[in-house]
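> Quick one: this structure, given as structure tokens, is what I'll be asking you about.
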Amino acid sequence: MNPEQFQMALAEKGIELSDDQMKQFHDYFEMLVEWNEKMNLTAITDEKEVYLKHFYDSISAAFYVDFTKFDTICDVGAGAGFPSLPIKICFPHLKVSIVDSLKKRMTFLDALAEKLGLTDVHFYHDRAETFGQNKAHREKYDLVTARAVARMSVLSELCMPLVKKGGSFLVMKAAQAEQELQTAEKAIKLFGGKVEEHFSFSLPVEESERNIYVITKTKETPNKYPRKPGTPNKLPIE
């Protein structure tokens, strides 16, 4: 998917990108490849692959979820900024917070936000477990996203504490997601969530399966969650 195909594919979904926004994606791609030579940000560096598997894939959530109704977003373990920064480029009104435990990624994201001229974007170098216990952020976000490889039960413990009551947790997964969801149902309920919607689709060109789950926060997360750093991964609630 080249930049022109990317722009057309989004337009077909009702997301029209201006020349300035296309320039932001171009600069994002160039910086990603340049910085990737000195730090491991992504295994995907081919332009067409980046536009499809990073940019388009990140924005695909907006085909099913109306981002205009959200104000604050927190992206847990965003790595090189996915999915929140491509979404931010498309929906500039969003106030985005990104949490990642690797300091060098923060350096990249800071430089990237400055280069792209992104405002209302904040980066926090922290473990998700610690961040979720921080009163300044706990239950403060309209939407929390995770496009991560961790199991859904683990992601729920890391992300649900950050979602405000009535807000949403958006999980982006590849294949075998239904099985993961069944295992995570106990955890989702414990942390105050209810699975509201599930969307399944194929990524264009390569036709790989994608799943998006929208989990609504119906009640507050018990204070003891998230547990200490490392514990959710070692002893997932399932």
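Every residue gets a Cβ built from N, Cα and C, even glycine.
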> Determine which of R147, R151 appears in Swiss-Prot for the same S-adenosyl-L-methionine site as G77, F82, A128, E129.
R147
> Looking at the binding-site residues G77, F82, A128, R147, which sits with the largest number of other Cβ atoms within 10 Å of its Cβ?
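Of G77, F82, A128, R147, the one with the most crowded Cβ is A128.
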> Can you count the other CB atoms that lie within 10 A of the CB of E129 (S-adenosyl-L-methionine binding site)?
20
